[in-house]
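Student: Let me begin by handing over the structure; questions about it come next.
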Amino acid sequence: MAMVVVVVVVVVIVVVVVVVVIVVVLIVVVEVVVVVAAVVVVVVVVVVVVVVVVVVVVVVVVVIVVVVEVVVVVVVVEVVVVVVVVVVVVVVVVVVVVAAVAEAVAVATAAAVAAAVTAAVAVTAAAAVIEQL
């Protein structure tokens with residue numbers, strides 16, 4: 001009878017550990033999906049802002065060309081503005097992607113550590129129960 005109790009206790013402990021590990025993995029997956037969605041939203045917002053800025057710059061440049069008629073200066077200003085906008089967009093996208101990847105790695109690492117600690121506690125508890133018998 002005592003062996004049946006030991007087997008039942010060990011099976012319950014193993015089932016609890018498996019459920020905890022599955023829950024932790026699901027939490028990590030949800031967190032990664034949320035981070036990826038946030039990155040996509042930020043990239044879309046940045047692209048919209050860049051398009052608006054480019055349209056405004058083009059309108060301003062056309063007005064300058066019509067009013068001042070200094071083609072060389074306008075072309076230089078337009079090129080400089082476009083280069084600056086492109087550089088800013090690239091920097092923002094790189095920073096957002098690096099931050100998102102760092103957060104995802106940190107969350108995954110924390111979840112893995114939590115799962116390992118939970119498994120170690122469960123194994124220790126099972127060993128203690130078996131040792132008692």
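One is the number of the first residue shown, and numbering goes on along the chain from there.
A Cβ is built for glycine as well, from the same backbone N, Cα and C atoms used for every other residue.
Copying in the features that TrEMBL gives for the protein in this structure:
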- 7-29: transmembrane segment (TRANSMEM)
- 35-68: transmembrane segment (TRANSMEM)
- 75-101: transmembrane segment (TRANSMEM)
- 107-130: transmembrane segment (TRANSMEM)
Student: Please work out whether the transmembrane segment (35-68) lies in contact with the transmembrane segment (75-101), by counting C-beta pairs under 8 angstroms that are 6 or more apart in sequence and asking whether there are at least 3.
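Tutor: They are in contact.
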Student: Using a Cβ-Cβ cut-off of under 8 Å, list the residues of the same chain that are 6+ residues beyond the ends of the transmembrane segment (107-130) and lie near it.
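Tutor: Cβ under 8 Å, 6 or more out: 6, 9-10, 13-14, 16-17, 20-21, 24-25, 27-28, 31-32, 35.
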